[in-house]
């Protein structure tokens with residue numbers, strides 16, 4: 001006599017398989033959404049950078065001051081709508097808000113200064129190589145993965161920054177290519193890149209906090225810091241009526257959208273991949289704006305360095321694609337995933 005078919009066990013097995021497939025699809029979709037937020041953050045920041053470069057008559061600290069006022073004002077209604085404690089879910093959170101505000105205030109101040117003294121494309125490529133700092137820092141402080149593939153991409157990115165900074169000419173004793181303004185711009189770009197890595201790490205620590213509460217709190221902190229920086233190293237001036245005021249509003253709007261996209265991206269995805277997708281969007285638009293609106297034609301060093309930085313972005317993006325893909329890969333891709 002035939003044994004009865006264990007229908008219930010088969011149903012349970014099929015149910016578990018369906019749940020596993022659904023979970024894998026959810027994770028893949030989450031990766032795509034997180035990286036898309038990172039890309040849009042870069043696009044919005046490039047638009048903000050172009051607006052800042054147009055405002056050449058206003059101190060960088062004052063422009064940053066306006067930016068953070070906009071971030072604070074735009075985020076406050078959302079904080080009120082969502083309810084909860086405006087200073088975060090627990091007392092220790094406010095210290096992370098303070099640290100995030102300090103890092104971000106200096107990041108924006110230095111990056112705006114670099115836009116003032118360097119071509120937009122040069123400054124953007126240097127500051128967009130933030131994955132060099134983020135990936136290493138995330139590995140040290142957040143214990144995120146950093147394999148052979150990421151290290152290789154970092155080395156390529158460093159080489160790209162060296163070319164954009166005209167290091168080969170410096171090694172050939174061609175110091176005539178460096179002016180006081182270009183040196184200030186280069187140092188500001190590198191300083192901005194270092195402090196921005198701190199922003200990424202703190203935001204990863206705050207991934208479970210409402211995004212608008214984060215924006216409101218570090219916006220308040222950064223507003224005061226940039227006011228102090230402007231008073232200490234520059235001066236506040238009245239903005240002229242017309243296009244200048246419109247660009248001030250544009251800086252606030254684009255920076256808010258950039259920060260919102262970045263914070264949402266880091267809620268979903270790891271810091272390293274988000275930073276490289278943000279760099280991709282930032283670099284592409286910076287070149288378009290530079291050649292279209294500011295008539296700054298990039299030289300061979302900037303172009304070569306950009307190719308290396310973009311290559312680094314593509315490598316990390318390809319690695320992330322491997323991590324989020326299904327099991328229906330060819331043996332070659334499976335081998336690459338195991339290797340890296």
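The backbone N, Cα and C atoms fix where each Cβ goes, glycine too.
Feature annotation from TrEMBL assigns domain 'EamA' to 33-165. Shown for the domain 'EamA' (33-165): DSSP residue counts in helix, strand and coil, namely 107 helix, 0 strand, 26 coil.
Feature annotation from TrEMBL assigns transmembrane segment to 31-52 (among others).
Same-chain neighbours of the transmembrane segment (64-83): 48, 105, 108-109, 112, 210, 212-213, 215-216, 219-220, 222-223, 226-227, 229-230, 248-249, 251-253, 255-256, 259, counting only residues six or more beyond its ends whose CB sits under 8 Å from a CB of the stretch. The feature transmembrane segment is assigned by TrEMBL to 64-83 (among others).
Long-range Cβ contacts of the transmembrane segment (95-117) within its own chain (Cβ-Cβ under 8 Å, at least 6 residues beyond either end) map to 49, 52-53, 56, 60-61, 63-64, 67-68, 87-88, 123, 126-127, 181-182, 184-186, 188-189, 191-192, 195-196, 198-199, 202-203, 205-206, 214, 217-222, 225-226, 229, 255. The transmembrane segment annotation in TrEMBL covers 95-117 (among others).
Counting only same-chain residues 6+ beyond the ends of the transmembrane segment (123-142), those with a CB under 8 A from a CB of the stretch are 42, 46, 49, 111, 114-115, 150, 153-154, 157-158, 160-161, 164-165, 185-186, 189-190, 192-194, 196-198, 200-201, 204-205, 270-272, 275-276, 278-279, 282-283, 286, 302, 305-306, 309, 312-313, 316. What TrEMBL records for 123-142 (among others) is transmembrane segment.
TrEMBL lists 149-171 (among others) with the feature transmembrane segment.
Non-local neighbours of the transmembrane segment (183-203) in the same chain are 96, 99-100, 103-104, 106-108, 110-111, 113-114, 116-118, 122-123, 126-127, 129-130, 132-134, 137-138, 141-142, 165, 214, 262-263, 266, 271, 274-275; each lies 6+ residues outside the stretch with a CB under 8 Å from one of its CB atoms. Taken from TrEMBL, the feature transmembrane segment applies to 183-203 (among others).
Residues or ranges marked as transmembrane segment in TrEMBL: 210-233 (among others). Outside the transmembrane segment (210-233), and at least 6 residues removed from its termini, the chain residues within Cβ reach (under 8 Å) are 59, 61-62, 64-65, 68-69, 71-72, 74-76, 78-79, 82, 84-88, 94, 97-98, 100-102, 104-106, 108-109, 203, 256, 259-260, 263-264, 267.
According to TrEMBL, the transmembrane segment annotation covers 245-262 (among others).
Taken from TrEMBL, the feature transmembrane segment covers 274-294 (among others). The list of residues near the transmembrane segment (274-294) in space but at least 6 beyond its ends in sequence, with Cβ under 8 angstroms from a Cβ of it, reads 34-43, 45-47, 49-50, 53-54, 119-121, 123-125, 127-131, 134-135, 153, 200, 262, 265-266, 306, 309-310, 312-313, 316-317.
What TrEMBL lists as transmembrane segment is 300-318 (among others).
Tertiary proximity for the transmembrane segment (245-262) is limited to same-chain residues at least six positions away from its ends with a CB under 8 Å from its CB atoms, namely 37-38, 40-42, 44-45, 47-48, 51-52, 54-55, 58, 63, 66-67, 69-71, 74-75, 108, 203, 211, 215, 239, 274, 278.
Using a Cβ-Cβ cut-off under 8 Å and counting only residues 6 or more beyond its ends in the same chain, the transmembrane segment (31-52) has close neighbours at 60, 63, 67, 111-112, 115-116, 120, 123-124, 128, 247, 250-251, 254-255, 257-259, 261-262, 264-269, 273-286, 289, 293, 317, 320, 323-324.
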